[in-house]
Each structure stands twice: as structure tokens, then as C-alpha cells.
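> Once you've had a glance at the structure underneath, I'll fire off some questions.
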Amino acid sequence: EWLDSCVSTHENCHSLSEEPALPTRVLDVGTTGDATDLRLLLSKGLQGRYAAASFCWGKIGILRTTQAVLNALVVRIPLEQLSQTFIDFITITRELGLRYIWIDALCIVQDSYEDWEKEAALLPHYFQNSFVNIVAASASDASQGFLASRSSSPLFTFHVHIPGDPRGGVLHLRKYLGLQDPVSAEPISSRGWVFQEQLLSPRNLYYTSREMTWECQQTAHRESFDASVSSYSPRLEIKKFIGEINTKTGNEADGPQEQEILDLWDSLVTMYSDKKVTYAPDRLLALESLARVFHKVLQDDYMAGMWRSGFPESMAWYRSGIHDSSKETHHIYIAPSWSWASDFGSTAYFFT
């Protein structure tokens, strides 16, 4: 329902319904749902709608594409050898009526430096051009899966007396889950690279431990709310801005002004600053594609996670929350001391 509404009624998302060129490789999940249909497809310029996948790899060994198995996976991918998270991705892709999905572990040759170098440069485009990004928010590693059975019955049922009606009535209540973004409490929310994937993807379908949530470039939804929860989604304003920039055809003067854009960047940094990256030098690299989007409008010098036109205000950052000294990597240079990126922990600004 959320996806159909987005495709048919959202002006900001309308152009996203077109069929772009597929990534270099995608999983072809077939048309029948039969496990024998599953294979790795070399797209060779083929166009079509496809899903992308965001997940935590974890430390558990999973089937991934290597040079040794590449040719075999092009013929058929044995479903029984896939991790549960990948099986769940495939299930959802088929349920959404899509034929293709891009999963990095299977669509990039993991032991080929040349392939990694080429495909890594294209990752931002793969997420930006995806029809929908499926986010395994609740799984801390790829073996866990994220589709779980839930009771369809309301959590609380009360029989009530209705004056004048001897039959009475039944009142169904469901648990109030609060206004906090449920994704923020999930394992996926701590990952730096996934943060970029979420913002670049035009549509995100999140599977959390409590409910499904939705985010596109116009609105946000949760299962526990009948109406849109756009005002409670801190990522949404940034997603709207990115969507406007990537699809802009009119006068750029109609869009946000410079200070508004700088404020959006500061909000982005505040959200990103406590995220984790496996390799410390990637702390700024994991924001690079987002910086390119902002640069399209700012046309400004980008230095160590900050914009020259934002000086000196953007230098007035401070460490917020509890500092995790275990994240510090003293022997590796990440950024100059005046940049928020030099500190491993949550960042906030004095002038916001």
C-alpha cells in the first residue's frame, strides 16, 4: 500500500518509477517463485526496476560471490546455501512484484580487487537508482533473518457495555509504541555505510523488531500509526532535499538557500557522528557520496566533513553524550582536530 501510493501519487517520487540500467550484476529471482529460478545475472545494459538491500554483515560466514564460484552462481544460486537474511530479501522482492535485487555480498566479486574498486565507485548510483531499498533493521548479522511471525490479533481486547444495546461491544487496543523512530533502536542504525544508503535510496522499507516502517522522498509511515509520521522522521527533510537535487530540472533558486543547506548538513553530521565503520579511515569516506549531492548546490570547498562557507559556525561543535574511547584510533589520522570527524562519538553544535 505504501509503495503503491508513493508510485501513483507522490510528485516528489514520480520520476523514480522509471526503469534505469541495472547494476553490473543482480540476483534474478525469477517469475515463478521456484528456487531453481534464482541466479546471478550479468546485466549487460539491461534495464528494469530492482530492489537494493541494506543489512549488517556480522562475523558469521555467509555465501558470497568469489572468483571460484562466480560461473556456478550465474547458472543457479542454491537457495539452501544462502543465509536467512538473503532468503528473506528474496521473499520480499518477489512479494513486491520485482524480478531483480542487488545484494553487495553476491553481486560484487569479493576476492577481486579490480571488481571491488570498480563496483565501489558505483554503489551510490545503485542505491539512488533502486526502486526500493529493503532494510534488515533488526538483524545484527546476515544469518539471523528478519521476517518473523507476529500475531495478527490486537494486543488488548475489552468487552464494553453500551447503553441500550444488550449485546455490548468489543474494544480492540494496540500497544502504543511511542513517537521515537523504531529504526533508531535497531542494530542497523549503528552502521555508518548504511546511513548513507538510507539517505541515497529514494524509498526505504524497514523491517524492525516491532513493526515495518516506510520512508520515501515525500513522507514516512509506520504500522502503528494510520496517518503519516513525517514530522517525526529526522531523516526525511534530508531525503527530500537529496531527492530535489537529484531530480532538479527547474531554477535552483526555488530550492533551499545556502544557510538552510548548511543547517541540513549539520543535522546530517549530528545523526551520523556516532555511527560505526569497520575501518577508521572510512569515517569520512562513508559520507563522500552525500557530500557530492550537497556540492551540486553549494559549489563550495568541502574540507574534512565541513563546508568552507559554514565557517566559523561549523567549527563550534562539541562532544555530546557518552564518549566511547574504544573507538579512538590514535595511530591513524582521520581528520584535523578542528573537524568533528577527528572525534569518535556523538557530535552536536552550539549554534543550532
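Glycine too: its Cβ is placed from the backbone N, Cα and C atoms.
Caution: TrEMBL annotation is automatic and unverified by curators.
Residues or ranges marked as domain 'Heterokaryon incompatibility' by TrEMBL: 50-197.
Quick one: how deep are these features, and who are their neighbours?
Averaged across the domain 'Heterokaryon incompatibility' (50-197), the predicted model reaches a pLDDT of 88.
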> Work out, from DSSP, the number of helix, strand and coil residues along the domain 'Heterokaryon incompatibility' (50-197).
53 helix, 29 strand, 66 coil
